[in-house]
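Noted in Swiss-Prot for the protein shown:
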{"type": "BINDING", "residues": "R28, R133, R134, R173, S174, A175, D176, N184, H214, I215, Y216", "note": "dUMP binding site"}
{"type": "ACT_SITE", "residues": "C153", "note": "active site, nucleophile"}
{"type": "BINDING", "residues": "D176, A269", "note": "(6R)-5,10-methylene-5,6,7,8-tetrahydrofolate binding site"}
Amino acid sequence: MSTNNTIKTPYEDLLRTILEQGSHKDDRTGTGTTSLFGQQMRFDLTEAFPLITTKKVYWKGVIGELLWFLQGSSNVRWLQKRNIHIWDEWASEEGELGPVYGVQWRSWPTPDGQHVDQIAQALDILKNNPDSRRNIVSAWNVADLNNMALPPCHLLFQLYVADGKLSCQLYQRSADMFLGVPFNIASYSALTHMLAQQAGLKVGEFIWTGGDCHIYDNHREQVLTQLSREPRPYPQLTLRKASSIFDYDFDDFTIEGYDPHPAIRGEVAV
C-alpha cells in the first residue's frame, strides 16, 4: 500500500460543481433538489481509504449495512439489534423491506425457480477468470421493483482486474450527495478490499458514477458548512482476513488516522 496520502477532494469538488451548475428540480419526496446528471469520482485505494473528512461519516453504520447486505437479508432486525437504524424509515412493522439489495446480491431468482448468488459468482470469476468483462453484480431486478420498500439507488457494480489489482465501478442512479454518497463511497471501497483479499489480489481504484446527483434543498446549508471546512487526509483501512467473504465481522475492520470534522445532521428525504 502506498503511503502517499496527498489530500484529494473529488467528493467536495462534485458538491461545488452541483451547486454551481445544477438545475433546480422537483422530486418524489416533495423536498426539491439542485441536480446534475452523469458525474464521476475516482478514488485510488492504493493510497488511502476514502472516508470523507469534511464531516464525520457513520463508520459503524457503513460496515453494519454492508455485512447485512452480504447476509442476503431483507429484514432490519439484525441492524436494529446492533443499534443501526438507517433503514427504519422504510421498514414494515415486522422489519421487512422486501427483496432489496442483499436479497438480489445473494439470491437473485431465476425463471426455473432457482437462485443466483451473485457475490459468490463474482468472487469465483475473480479467482478463475479475472480478465472477464462480465463480472457485474446488479440489484436492479425489474420484476421485483414494486415489491421493494425502496428501489435500489446504488444499483450495479462491475469488477475489473489489471496488474493484480482489483478495481470496482459503481453506478448509482439516484445520489443523495450529502447524506448517502459519503456512505456509499466508503461501503463499496470496503467491499472492494474484502473481495480483493478473498481473491488474493491487491486493491486498485473505486470509481463512483452517478446518474441524478442531487443536493436536497433542506441540505443546502449543511453542504455550505461542509465546503467551508478544510479537508484532511483520508485514513487507512486494515482488514483482517475472514474465512470467507460472508464471514467478516465488525472487529475485522480497523480504520487508522481518521481525523474528521464534526458530524453534520440532515433529515432523510423519505
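Here the Cβ of each residue, glycine as well, is placed from N, Cα and C on the backbone.
Annotated features, which come from Swiss-Prot, shown on the structure.
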residue	record	Cβ contacts under 8 Å, 6 or more apart
R28	dUMP binding site	none
R134	dUMP binding site	I125
C153	active site, nucleophile	Q172, R173, S174, A175, D176, G180, N184
H214	dUMP binding site	I18, G22, K25, D27, T33, T34, S35, L36, S174, A175, D176, M177
Among R28, R133, R134, R173, S174, A175, D176, N184, H214, I215, Y216, the record's dUMP binders - longest CA distance, Å: 36
Count of other CB atoms lying within 10 Å of the CB belonging to D176 (dUMP binding site): 23
Cβ neighbours of Y216 (dUMP binding site) where a neighbour is any other Cβ within 10 Å: 23
